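Below: the structure, in structure tokens.
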Amino acid sequence: MKLVTAIIKPHQLDEVKEALEAFGIQGMTISEAQGYGRQRGHSEVYRGAEYTVDFVPKTRLEVLVDDMDSSSVLDVILKAAQTGRIGDGKVWVTPVEDIARVRTGERGVEAI
Amino acid sequence: MSPTLVPLADAAETVDYAATTFLIVCASFVLLMTIPGLALFYGGLTRAKSILNMMMMSFGAAGVVGIVYVLWGYSMSFGTQDVAGIIANPFEKFGLAGTDGIVNPFGYEGYGNIPELAFVGFQMTFAIITVALISGAVADRIKFSTWLVFAPLWVTLAYFPIAHMVWGGGLLGGGETSLSGLVFGSTDGEANVAPIDFAGGTVVHINAGMAALVLALVVGTRVGFGKVPMRPHNVPLVMIGAGLLWFGWFGFNAGSELAADETAALVWVNTTVATCAAMLGWLVVEKIRDGHATSVGAASGVVAGLVAITPACGSLSPVGSIVLGLVAGGLAALAVGLKYKFGYDDSLDVVGVHLVAGLWGTVGAGLLATEGGLFYGGGFEQTAVQILVAIAALLVSGVVTLVIALALKATMGWRIPEDVEVSGIDQTEHAESAYELTARGGRIGGASGTAGARAPEETHDLEGAKG
């Protein structure tokens, strides 16, 4: 079992979600995140005083998948999230030791 | 604004219902400027952790000043028993004694009879907003209790005297014994060159702006001023607040005619075009200097224009008002940077906007007045009187504010503890936070006197609190 985590541009979320649903993914979790990479931040001006905003709003998306799906899911997200401009984000895969569904108590792959 | 209210001896005289309706509606407009207009304008400009305290300073000022005005404020400002041209006897009309009659601000021109109480109500709203304006200079960092003691002291010792001096027939008015009467002489009891302050450039804006500067200096800078970002946390609130101020300002300026007549109509038009021009003036400066025309800039330009046209709105032509507004917006946009240069933390730019635009409006009225203005061939005398009156207001406001601020510093103290300021004044001064976006649960009870104090032993998760 694997956890696929993606940091994407917030306005790419719908496209990524639809692509994942088309692939057959049943559920996912998102959270609002802030961060920067090569993109760096941007500057804003209020009454003539300039402020540098380092952390840019991003969406963090997490999907639990079976081992054999992880590479394909990564590709699906990659393709859907890509705009080609700086700040598109990152996707990574980490191993997961165990999973439990809270309602039924199912464990492992059954709980995905 | 006509300073002398003529009491009507003839009992057969009745009120002018049009003028009375107009005045009561205008008074309500002016209250809307403070609550919620100014509260929102200032609240949006602060950081998210201190918006409630910022708004509470406007609400608190309204609570205290409203009561003080009825008790001795009106009597001190507009009473008939003048003391050296500086104040009127506070006990003459204490508690609004003897104000249930009808008065006429126009000296029997056949219209404009109003209940004195309508005038009281209108003037009360001016005192409220003037005090509330000052609070922008001391955002995020002062004790609410000290603010509530400062408000009645300042309004009593600075606002009422200056209101009396300018509008109540005192030193800064147009009477025989006024400053301008003494300098430029007088004819038949009227100064030859009467100062122009239609709706309160000196009384409200120079006064509040100077007090803001002094208070910012006495109270000191916020923790991290100039080092950590302190950008406005909710710009739409700033724009809503500016819009409400603009709307309410029609009551402030046009209402100051005290009757719905041709001057009130001129004032409405002048107030609007000066504000339009000031917004554009501010945006042009921003575009050239910073590269962008900003929303906060537009909202600030609106306020700067409204401030500048306040003293001048009854004396200018609409085209003259455009010139006045344009300069006001540009000047204020340049002035808001001064605090970083000089190191005083006038947090929300009361000095840059109200003091600078208020001074310009007062002096500009002397330059641009269609009767007696320098640019209309009237010579330099009117402008000289305007400068004189502005300096006098600056001095009175500055000295009185300094004394009150230092006295409170030595007794109650101004500042909240530094760690409290850093974590946010709302939670410690008011036990509230403005925004609950995380739905992070919690439980009922704890504080005394709440429903939770009697709640059963087991704690409840708030229903639906957990997503």
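Any Cβ shown, glycine's included, is placed from N, Cα and C.
Whatever TrEMBL says is automated annotation, not expert-curated.
The compositional bias 'Basic and acidic residues' annotation in TrEMBL covers B:455-467.
According to TrEMBL, the feature domain 'Ammonium transporter AmtB-like' maps to B:22-435.
Here TrEMBL flags B:446-467 as region 'Disordered'.
Residues or ranges marked as transmembrane segment in TrEMBL: B:20-42 (among others).
As annotated by TrEMBL, transmembrane segment applies to B:54-72 (among others). Tertiary neighbourhood of the transmembrane segment (B:54-72): same-chain residues 31, 34-36, 38-40, 42-43, 45-46, 90-91, 94-96, 120, 123-124, 127-128, 131-132, 135-136, 139-140, 144, 147-148, 151-152, 155-156, 160, 430, selected by CB-CB distance under 8 Å and a gap of 6+ residues from either end.
Under the heading transmembrane segment, TrEMBL lists B:117-139 (among others). With a cut-off of 8 Å between Cβ atoms, the residues of this chain six or more beyond the transmembrane segment (B:117-139) that come close are 5, 20, 23-24, 26-27, 30-31, 33-34, 38-39, 42, 45-46, 50, 53-54, 57-58, 61-62, 64-66, 68-70, 73-74, 77-78, 96, 99-100, 103, 105, 147, 151, 154-155, 159-160, 163, 200, 203-205, 207-209, 211-213, 215-216, 219, 222, 252, 255, 258, 345-351, 354, 414.
Look at TrEMBL and you will find B:146-167 (among others) tagged as transmembrane segment.
The transmembrane segment feature in TrEMBL is assigned to B:203-223 (among others). Beyond its flanks by at least six residues, the transmembrane segment (B:203-223) meets 126, 129-131, 133-134, 136-142, 154, 158-159, 162-163, 166-167, 197, 230, 307, 310, 339, 343-347, 350-351, 353-359, 361-362, 390, 393-394, 397-398, 401-402, 405-406, 409, 414-415, 418, 421-422 of its own chain at Cβ-Cβ distances under 8 Å.
The transmembrane segment feature in TrEMBL is assigned to B:235-252 (among others).
TrEMBL lists B:264-285 (among others) with the feature transmembrane segment.
The list of residues near the transmembrane segment (B:292-312) in space but at least 6 beyond its ends in sequence, with Cβ under 8 angstroms from a Cβ of it, reads 41, 45, 196-202, 204-205, 232, 235, 238-239, 241-243, 245-246, 249, 252-253, 270-271, 274-283, 286, 321, 324-325, 327-329, 331-333, 336, 349, 353-354, 356-358, 360-362, 364-365, 368-369. The annotation transmembrane segment is assigned in TrEMBL to B:292-312 (among others).
Sequence annotations record features per position, and here TrEMBL assigns transmembrane segment to B:318-338 (among others). Cβ atoms under 8 Å from those of the transmembrane segment (B:318-338) belong to residues 266, 269-271, 273-286, 289, 297, 300-301, 304-305, 307-309, 312, 349, 351-353, 356-357, 360-361, 364-365, 368-370, 373, 375 of the same chain, restricted to positions at least 6 beyond its ends.
Away from its own ends, the transmembrane segment (B:350-369) comes close to residues 133-134, 136-137, 196-197, 201-202, 204-206, 208-210, 212-213, 216, 278, 300, 303-305, 307-312, 315-316, 320, 323-324, 327-328, 331-332, 335-339, 344, 375-376, 378, 382-387, 389-390 of its chain (Cβ-Cβ under 8 Å, at least six residues beyond either end). The transmembrane segment feature in TrEMBL is assigned to B:350-369 (among others).
Note on the transmembrane segment (B:384-408): residues 146, 149-150, 153-154, 157-158, 161-162, 165-166, 171-172, 179-180, 183-184, 193-197, 202-203, 206-207, 210-211, 213-215, 218-219, 359, 362-363, 365-366, 414 of its chain, located 6 or more positions outside it, place their CB under 8 angstroms from a CB of the stretch. Annotation comment: TrEMBL describes B:384-408 (among others) as transmembrane segment.
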Same-chain residues at least 6 beyond the ends of the transmembrane segment (B:235-252) whose Cβ lies under 8 Å from its Cβ atoms:
25-33, 36-45, 51, 126, 129, 199-200, 268, 271, 275, 295-296, 298-300, 302-303, 306, 310
Would you report the average pLDDT that the model assigns to the domain 'Ammonium transporter AmtB-like' (B:22-435)?
95
